[in-house]
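To start, the structure itself, in structure tokens.
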Amino acid sequence: MEASSMPLLTASRLLSPPPPTLTCLQRTVSLVRAAAQTLEAPEAPKPLRPSPRRSAVAEVKASLDPVAALNRFEDVLQTQDCNIILRHCGDTRRWDDLSKVFEWMQEHEMTNAASYSSYFKYLGLSRDPARALQVYGAIQDHTMRVHVSVCNSVLGCLVKNGKFDSSFKLYDEMIREGLSPDPFTYSTLLSGCMKLKQGYTKAMGLINEMKSRGLQMDSVIYGTLLAICASHNYFEEAEVYFQKMKDEGHSPNLFHYSSLLNAYSENADYGKAEMLMKDLRNSGLTPNKVMLTTLLKVYSKSGIFEKAKELLTELEASGFAQDEMPYCILIDGLVKGGKIQEAKMIFNEMKDKGVKSDGYAFSIMISALHRGGHHQESKQLAKEFEDQNASYDLVMLNASLRTYCSTNDMESVMRMLKKMDELNISPDNITFNTLIRYFCNAKVYHLAYKTIEDMHAKGHQLNEELCSHVMIQLGKAGFPSEAFSVYNMLRYSKRTVRKSLHEKALGILVSAELLKDAYIVVKDNAEMISPSSLERFARSFMVSGNINLINDVMKALNRSGWRISQDIFGRAIQRYIRKPDKKHLLLCLLDWMTGQGYSVDSSSRNLLLRNAQLFGPKQLVAEILSKQQTASRSKTIGQRHN
């Protein structure tokens, strides 16, 4: 039964359709492919656990209290990790944290040259050169003090913040200690020469020193040198260095061309400027916005206004005139060329095109209209800017202030001063002098005086002519003490004042009978005061000045070379006789007169003899007078023989 059924089952399977399964061959192929894919595809990487140091750095970076975080990871972190944290504080402008992290690194002796170099770099960015000098000065390790990257960084900090004299002084100290400067050292110092008065001479000294050390000029140093020549108006020297740079195989870039073009702009040499632009294009370079704007300045300063207008149109077409600067250059050139109406046209075109002004163009036009006597138009423009803008800079404030003062608009003047306070803008010499003139014209001299006082307190240089006028007016208005204060501010303002100022001050003080102050003026400046003014002062002082100072006044007058008259001595003697308790002063005066070759006249002599008993033994005064006469006769005989 079982045996006979087997063929039927087999036949049944053969005749029925195969089930929906893979054949053995297909299954084998699939398995092979899967295995191959498994071998080819790498295993998914298992997530790496961050190292303890990396985790610590990340946590300190994110901490609001980096010092506390540093203390927690003190045993984990290394110096290079701390440098990463230090740079992070600098890059994120966390200046307080920057110094805290650096101080922690110093305390835990985890600093190296990179630490100091980074720290000084960020102190430069945070405008703290004083701190950089303090930290560098405290470095005890000699190797660290002369490490070139450390020195370059601290020098760069000083130069970046305008401490040029300090940077050169520190450099000299570094050289004495053994610094071996590299090209970057010289490049840093050279960049500081652009702002120095004798910057070109200083730069030449650095270049010679650099060459003596066997260091070669590179394109960066040549570029800086060209900029120095431009800033000091050495355009011929700039040409020489530009050519020398090319001869040495350095291909000039836009910065080099721009620096030389700046040199030409200072001399308004449009011919050479055009040749340079042609050379630039021939070299395959395309002038950028800065260069085209500089060329516009060359044309404007040269008075080539048609070319300037064409170039402005080119700048507009190139999208380089979206801010006010190109318009300002042309407007300023037209104003200085006396073409105010043309300047107004360009200014109005700028406004019509919707070019945003930060106030520079407005300030140029307001000042030009003011100088041209168009005060109302100038005032109207100032109000237009004020209505449209909330922000001001000092230039715009000064321009508006001048025009409001010229139209006697006190309300607007006060509004500008209030705006200056609100915006925390510090006044400059122009601001102060504008206000002083305004208060003088308004005859409110006490306000003019207060402004001078404030100006002097803030360290600004006083205008002698203007302050002298205020001093005289204060004297006339009955404010002699304030007038004397103005005189002293001028006198001690580290400048040589005109001789006439002393005489003016003396006249005010004598008229007001402020004779003690008048004596101060005479004592220090008698040789610059006329004899008539000295005579007037001396007479007044003998009558009502401090009796204890009479002898000092006589000596001061005599030192000046002025010969004291017998009338002045007579007035002093009369004053002493009325005060017998001052007999020692009288006797000192009489003795001094004898030594200086002076003698009293007959009237004073008789007065003294009649009152001799008031001054001790009668013969004492008589003996002194006798000596005077003898000395006087001897002097007269000597003069005759001569």
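Cβ atoms here come from the backbone N, Cα and C positions, even for glycine.
Whatever TrEMBL says is automated annotation, not expert-curated.
The shown structure was predicted, so the numbers you read here are calculated from the model rather than taken from an experiment.
Annotation source TrEMBL lists domain 'PROP1-like PPR' at 165-315. The repeat 'PPR' annotation in TrEMBL covers 147-181, 182-217, 218-252, 253-287, 288-322, 323-357, 393-427, 428-462.
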Report, as numbers and ranges, every residue of the chain located at least six residues beyond the repeat 'PPR' (323-357) whose Cβ falls under 8 Å of a Cβ in that stretch; write 'none' if there are none. 293, 296-297, 299-301, 303, 305, 308-309, 312, 315-316, 364-365, 368-369, 372, 385
Long-range Cβ contacts under 8 Å made by the repeat 'PPR' (288-322), restricted to residues 6 or more beyond its ends, are 254, 257-258, 261-262, 264-265, 268-270, 273-274, 277, 280, 329-330, 332-334, 337, 339, 342, 346, 353, 355
I'd like the per-state residue tally for the repeat 'PPR' (428-462) from DSSP, helix first, then strand, then coil. 26 helix, 0 strand, 9 coil
What is the three-state DSSP composition of the repeat 'PPR' (323-357), stated as helix, strand and coil residue counts? 25 helix, 2 strand, 8 coil
Residues of the parent chain within Cβ reach of the repeat 'PPR' (218-252), under 8 Å, 6 or more residues beyond its termini: 183, 186-187, 190-191, 193-195, 199-200, 203, 207, 210, 259-260, 262-264, 266-267, 269, 272, 283
For the repeat 'PPR' (253-287), could you work out the same-chain residues 6 or more beyond its ends whose Cβ comes under 8 Å from its Cβ atoms? 219, 222-223, 226-227, 229-231, 233-235, 238-239, 242, 245, 294-295, 297-299, 301-304, 307
When the pLDDT values for the repeat 'PPR' (288-322) are averaged, what is the result? 92
